[in-house]
Every structure is written in C-alpha cells, then in structure tokens.
Amino acid sequence: MSSAGETSEKKAHPMKLVVLADLNVDPPEFDEDDINPFNPSPPLPSRLTISESSQEKLPLLVKESSDVVDGEARRLNKMGKCRSRSGKDDHLDCGVDAEGDQHSQGTPSSREEKVSSLKTAVLDYEKAAEILLRSDEEIDRPELLSLVQMHHAQCLLLESLGDCASDKELEPEELEEILSKLKESVLSDIRQVPVWNTLGIMLLKSGRLESAVSVMSSLLALAPHNLDCLANLGLAHLQSGNVEAASKCFQELILKDQGHPSALVNYATILLCQYGSAVAGAGASAGEAGAESDSAAAINVAKECLLAAVKADPKAAHTWANLANAYDISGDYRSSGKCLEKAAKLEPNCMSTRYSIAIHRIKDAERSQNPTEQISLAGNEMASILREADPLLIDPPIAWAGLAMVHQAQHEIAAAFESEQKELMEVEEHAICSLKQAIGEDPDDAVHWHQLGLHSLRTQQFKMSQKYLKAAVSRFRECSYAWSNLGISLQLADEPSQAEEAFKRALILASSQQAHAIFSNLGNLYRQEKQYDRAKAMFTKALKLQPGYAPAYNNLGLVFVVQGLLDEAKFCFDKALEADPLLDAAKSNMVKVLALSKICKSFPSSIMQE
C-alpha cells in the first residue's frame, strides 16, 4: 500500500484462507457430492501486491508508495510482507526505509554511514540557514529559507527517531505536547505541513500506529486538502486493523484525485482482502437468476480501480500483479495469466510475482488434460524461490507451503491418472515433507497445521488428520474452517457425536459468508445418521444464507430420494445443475432419479413397498 512520500509496507497478519470441505457420505444408490471437500486451500489466497519492492516477501502484495511533500517530490521504496489474519489481529507493520533508516537489516558499518550522512545533512542545512538569514539583499530569500528550514526539521526528526526501533506508543503527555506544537506550527506557517507529515510517517514506520493516527488526524484537520497526509492516514488505519476508516480515506482520496495510482491500488487491495474469499465459485452460486452478489460487485470495483491505476502507471509491476489477482478471483484465468506475464517482464526478479505465477501454473495443471509440463514448471519456480531468495526478504513458511501445494497437486493428478503405487507414495511423501518443513519454520502458525490435516484427510488418514486439525484449532480456536473440517474427519472416522459438536462449534464462529457451507456439512451428517428432517432443516438454512448453493441443493435432493419424493428430488438436482452445470454428482443423480421415476410408474406398488 502506498505511503505518501515513502513507500511504506509492513507485515500484515494473514488473512489466511482455508477451504471449507463439503461432504456427502454414500447414499445407497446415488453419487455423493463429488466436489472434493478436502482440497487444501493455498496457504494464503493468492496474495495482493502492495509494494514495489515488497513483492519478494509474499505471494500477495500491496503497493505503498505516494509522495511526501517535503519541498521536492521523492519516492522511497519500502519492503514489507503481508501475513494473513488467521490467528492474530490483522495489521500491517511499516517497513523501515530501505534507503536511509532501515535498522533491522544491513551491516553495522552501513547503518553508521547512514547516521553519519544524516548528521552531515543537519550541519549543511544549519549552514545554509545561517547564510540565508544574512541581511544582504542578494542572499535574503524567504522562500528558499523556509524550504531549507523544512528540510532541516525533517533531518532532525530522522536523526532523533531513526535509531529508535521500539514500537512503544508515545506517552500521552508527550503526544499532547507534539500535537500542540503541530497546531501552533501549521497555523503560523502552512508550509510546515510536510514536516509533521514526515513525523507521522516515521511513527507509522516504527509501529507506533495509534500515535501516527493521532498526528495525521490532527494534521489533516488543519490541512484538509493535503493528499499525502490523507493517504498516510489511510495506511495508518489499515495497519491498525481499522479497515472501514482506511476505506473512507482512500475513497476520499480517489474523489479528490481520480488519477491517484497508489490510492486506487490501496483501495482495490482492501476490496480484494475483504471480498476475495467470499466470491462464489463453482458449485456455490451466489444468487437466483445469476444476480451479481455484493462480493462480485466489490471485486469488479477493485478491477476497475486497478485498470485505472495501470493506465496511470503502466510500468508498475505490483499493480499488474494485483490486477492478476482480481481477474483470478473473478474466474478470468486467461486475463490473470497475461497480467502476471506483464508483471514478470517489468520485474523479473520479484519473488512474489514468481510465486503467483507458480500458483497460476498449478491451477492450469489442474484444469489441463496434459498437466505434466505446467506442474513441473510450477515446482521448479517454487524450488527456485527457496533456493535463490534472501530469507530476510521472503516468508519461508509460505514458500515451503507453496512447494507443498505443487506436491499435493502432483499427488491428486497422479491418483486421477491411476499412476503406480510407488509413484503415488513418493509424491505424497514429498508433500508431507514440504508441509512439515513449513510447520518447522513457524510452529505456531495454525494455517500450516490445517493444511497438513487437510492433506491427511484427502488421503483418508482420518486419525492422523484429526491430530493435525486439533493442533490447528488449539493454535487458532476461532477458525471456523478448521472446526468444520475436523467435523468431517470425525464423521468419516465414524464418530458422529464428536463430529456434530465440531460442526456446531464451527457455526458459532462462522461469519454469514461461511455459515452456509457448514450448515450443508452438518446436514450431511444428519442425513448419514438418517435424521432426515434435521438434515432438510440444515440444507434449507444453507440455501437461505446462500441462495443457489449447488451442494446444498444436491444433498437435499438425496434426502428426498430416500423419502420417495422423486419430483422434489428432481427439482433439487435441476437447481443444483442450474447453479453449477459442472457438478457431476448432480448430473449423475438426475439421471438416476429419472430412471427411478420410470420404474416407479411401471411398478408403483413394488417400489413403494421397498
């Protein structure tokens, strides 16, 4: 995301997305919902790019660069990383200045040189101010003097706060004094706004988010037309987890400057983060008659913002990467691939773009009839990221999880093509090894435990999957997806009471955008236990929350079949196919129920007796 004047980025705690598994358990004569309930989600949704140089950190990046008005426009590239907000509160830390005040990286000598340069600059500005204060008419230049004093003040700020790596917030008395001086300074000379804007950026970069919000809010009240301050305030709100306030800042910024690339990218990024995981995919139609959901509409707005940003700055690789993500979420994989190619040409060594390309190739392989080449290229790309990238500039657990995704896809493809058992075992071992390596890099990260649990679930190692899924929920007890998938594992292991408890726990934690799939899973459990009325109630709730949800219609149809209500069953299978024409289970069940209807008409009494 863009920080005015200095592209400031930060680790964000990931929206780590996981997959809701939908399950049907063998009805006597009908196919279960054959959507693979256990497909592991990527360790992170394809990431959003937020920074020109941060993309070496994660698959999803966000751009943070705008201009600080300090007398002359300048851009300082920042690095950061985006993490999901799975078990922790979502926030973005600002990375330190890669050019001048980066304290966490680099050799001691390089840091000393930077400090020395600042001190030299301070002395030079003092000398310049001294000269400009002379009474000589040829030397006395008030405008230039003001500019020199402004730069002098900024250098003093950099020098005083630059060595402090602490993220401790300012004391109330200290903050009050700063705000008082800010007001006095700006009211006496509006040209002092950039100095205080610099202070806000430095507080932002050092992790003092509350202090940064206070300073920039006060400054914006005094200088409401300062776009840099507005952009930085939006970043401060975003990094502190106040997405709504951040959205308002970026919206206002776009209204004031419709061609502001960083504001367009940042606002689009927020929309992708908020709605990207909620867009209905195959088998999960969002509404009747193809009506566009709020989520799909938000993704379209994000695409429009990113297209405008690309038009304004066609050489910004991070914008192309974000646009690729928007196309991918909306199902336009061809356009997504083209955008990734463009991003890779602009920044061929950007690790995050290479990661996204590898993920895209995995998806291509899963859709292809001849997947070998694509999956091989994806594996080589993921391995090269681990081999070539600076560990300080990437997130190793994410990189290992990406390699595990390749191995998992290889395993699925090998199983689908009925490969030899030896090959299957070898690929599965590689997947487990990569997932365990990701866990080893960050043992407290629930997402990687969840992925390992899903892999064991998919390979029907139910006891093992329960072990890993329980490890996931112990680290992130508020993750509804993990509880739901634990319920599925317990159900398959023939432990219905524990499975029901897990599903109910998932429902308590689920958002309105997640609950429909969990209701469908719970309905499957009741159907398996022959509690048909309760099963119908769960499927009905799922369809109320998500009209057109194909798996729920298919499963409800199976209940009607068991109850002998064939017309109702045909209606449900038809609705399932209307929502998802590629749902093979619904196709198969429709064929069978039509055949059964003919038999019933020919031999009604015997069929009813059965």
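Cβ coordinates come from backbone N, Cα and C, glycine included.
Please treat TrEMBL annotations as automatic predictions, because they have not gone through curation.
Listed in TrEMBL:
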| type | residues | note |
| --- | --- | --- |
| REGION | 24-57 | region 'Disordered' |
| REGION | 80-114 | region 'Disordered' |
| REPEAT | 193-226 | repeat 'TPR' |
| REPEAT | 317-350 | repeat 'TPR' |
| REPEAT | 480-513 | repeat 'TPR' |
| REPEAT | 516-549 | repeat 'TPR' |
| REPEAT | 550-583 | repeat 'TPR' |
On average, residues of the repeat 'TPR' (193-226) score a pLDDT of 80
DSSP assigns the residues of the repeat 'TPR' (480-513) as 27 helix, 0 strand, 7 coil
Using DSSP three-state counts, the residues of the repeat 'TPR' (516-549) come to 27 helix, 0 strand, 7 coil
Summed over the repeat 'TPR' (550-583), the DSSP helix, strand and coil counts are 27 helix, 0 strand, 7 coil
